[in-house]
Amino acid sequence: MNTTTVNAEKLTGFKLPQLRQVFSGIIVSGVIRLVALPLAGILAFLLLWSVTAQNIDTSLGKFPGPAAVMEQFNALYDEHQRSRKKEQAFYERQEKRNAERVAKDPNYTPKIRAYTGKETFLDQIITSLVTVMSGFLLAVAIAVPLGIAIGLSKTLNSAINPIIQIFKPVSPLAWLPLVTMVVSALYTSPDPVVAKSFLNSLITVTLCCIWPMVINTAVGVAGIDNDLVNVSKVLRLPALRHVQKIVLPASVPMIFTGMRLSLGVAWMVLIAAEMLAQNPGLGKFVWDEFQNGSSDSLARIMTAVLVIGFIGFLLDRGMLTLQKLVSWDKSASQ
Amino acid sequence: MQWTKPFTKLAASLALAVGFSSVVVPASAEELGYPEKEELTFGFIKLTDMAPIAIAYEKGFFEEEGLYVTIEAQANWKVLLDGVIDGRLDGAHMLAGQPIAATMGFGTKADIITPFSMDLNGNGITVSNAIWEEMKPNIPKMDDGRPVHPIKADALKPVVEKYKADGKPFNMGMVFPVSTHNYELRYWLAAGGIHPGYYAPHKGDTSGQIDADALLSVTPPPQMPATLEAGTIYGYCVGEPWNQQAVFKGIGVPVVTDYEIWKDNPEKVFGITKEFAEKYPNTTVRITRALIRAAMWLDENNNANRPEAVKILSQSNYVGADYDVIANSMTGTFEYEKGDKREVPDFNVFFRYHATYPYYSDAIWYLTQMRRWGQISEDKPDEWYKELAAKVYRPDIYQAAAKSLIEEKLATAGQFPDFTSEDGYRNPQTHFIDGIVYNGQKPNEYIEKFAIGLKSGQKL
């Protein structure tokens, strides 16, 4: 050991222990920063959680710890599997019944009705995701053009800004009763394409995530480098070309920042709206469990809370990745 | 050809039998007809008395009628009623007072009818642990030290008076202004000399707290235990499992069940709009048939199916409370104070004693209580009560359903009231906690009998 060190020292002219120290220092600090520290954080959180949980006695039993949540996660998954089997049996029974009726009454055209069983936890997750994405996309479709228009025109900005400033801080849930009543009044098809509850959630989400996008887009558009605007003027680009070639690319980082903010808001709003209005989705799941008051309820709610958080995190990461892909300004997308 | 004779005879009778059966089946199906609307959504509130709907679904009774039913829990009774009125729900588990009040125009105006009464009994009144400790000294005890039941509100009166003297409001919860629970709680309180307060809708007062000793307010059923725990209310009247839940959570003590306030009182109904029944007559009869079969299943063989029913109800999409909590009242017992479990075999009745038949006299009892507490602000003649009851309660639909079940041998005539002789009125009922007798034929005479409550000619 000793001799090799000495030889290496002679050969390279460097003191090997120093070199080793430098390299291992880099590796160790990387490992610590990327793996060990987050892991330690999570472990500490789990420990704190389970210790605290054991010391909180509610009238429905102890506050659920990590183990109880894991158990419920499995139980919910099993429930989902069982429900799928029931669904299959439902369709089989229906086909048999249809066949019997056709045998008796040849004029009857058999119809397959959708499964009437309950939505499982996984179904609720999908419902929530579909709702939040629909509401968000609708908001994008409204907010980005509106933001560009406001950013380009000072007059429009002065006219619309007060409205935005007043509506922006309104709690999403204050919109909900109004949305519910208006949708009920206007959307009265006997055979609706989408459910009223879906429409209610969607519009509430849209109303709440429009504002950050409008503001960010407008600020981004208004703040375009004057040189770029001058280029456009020199080239005499028509208005639409100007927006397409100069404004949009230049303001993409800001637009995406707005979108990321909005999606975060949208996800939070949706869960709250579902809880309040009993619209299908994760929020309804939480509220139903609270109303059930069973001894599993708290653990199930905690499971839903973690899933909601995790999905929120994934949505944010997804937007960030998208932002990095389409944005020229890589430094802005941290 | 002698030997062929028996065979031809057999063949002939066989042909006859086949021919006959092939005639009979379509004939009865023709009589009833296929449902006009097959995909239905029914609402319910998380309470054990929604059981007939859950059972009709889980046991396939709806599907056997060609109905594909989705069952949705609702947040509270108001949301549920609005859902039925605006068509989001095709039908729902309702408070008996809801179709009556809606038809009358108290609260929301809408024509809602009921072909099916869902159960008898099933409610209780619970007070917080602190109030129970204060009540206890006023309650006589049995030899083994347990309190004598039924407990009357007389035991609560000194407590309420103390609160009043201290200037503190005595708050209690019920589930809806026209709920059975509101009337039961009022009945019990008034029988013990505690004034629960009057309504005066003609003056815009719908809080029902005029002249009140105890202030009653609305809380949705599943939230009752949490509201009691938070100290917002000192007691409540609600359906199961929310009284037993208080015992399990150790936050309150059920002092009396509605079975003790009025033995075998009519409870929830299945409500649909009049428009629905007119537009979809076959569907309406078929729904009623499925519900009758579910109720029969629930009471079959001396409640033998109840454990299975409890298991179904404890699923998170129905009532969702723990099996043990629901089983406590559904399987013939009721636990008062923790550990004080007593036999109440008829706590939840779904079919016995003609529980599902929509008697006019049941509707009229609710109307008498609405008049007693001022929700009906003016005197009405007996005929008015009877006409309104006949508008809402529809034994004709029930009879059509029951008769077709009897014809198909799914039920026997003996299980139902004698349709040829009954007139929609139960015999005068005597089992009230204050000993007053109720005769549905004479509502005004009945209203006069109460010490606390509006009398004829009285208007607030």
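Note: Cβ is positioned from N, Cα and C throughout, glycine not excepted.
Just so you know, TrEMBL annotations never went through curation; they're auto-generated.
Marked as domain 'ABC transmembrane type-1' by TrEMBL: A:125-319.
Positions annotated as transmembrane segment by TrEMBL: A:22-49 (among others).
The transmembrane segment annotation in TrEMBL covers A:125-152 (among others).
Packing against the transmembrane segment (A:173-190) from elsewhere in the chain are residues 196, 199-200, 203-204, 207-208, 269, 272-273, 276-277: each is 6 or more residues past its ends and has a CB under 8 Å from a CB in it. What TrEMBL records for A:173-190 (among others) is transmembrane segment.
Per TrEMBL, the feature transmembrane segment maps to A:202-225 (among others).
According to TrEMBL, the feature transmembrane segment maps to A:246-277 (among others). Listed as Cβ neighbours of the transmembrane segment (A:246-277) (distance under 8 Å, sequence separation of 6 or more from its ends, same chain) are residues 128, 131-132, 135-136, 139-140, 143-144, 147-148, 151-152, 172-173, 176, 180, 197, 200-201, 204-205, 208-217, 219-221, 223-225, 228-229, 231-232, 237, 283-284, 286-287, 308, 311-312, 315-316, 319-320, 322-323, 326-329, 332-333.
The feature transmembrane segment is assigned by TrEMBL to A:297-315 (among others). Proximity of distant same-chain residues to the transmembrane segment (A:297-315), defined by a Cβ-Cβ separation under 8 Å and at least 6 residues beyond the stretch ends, is recorded for 58, 60-61, 63-64, 68-69, 71-73, 76, 121, 125, 128-129, 132, 263-264, 267-268, 271, 282, 285-286, 289-290.
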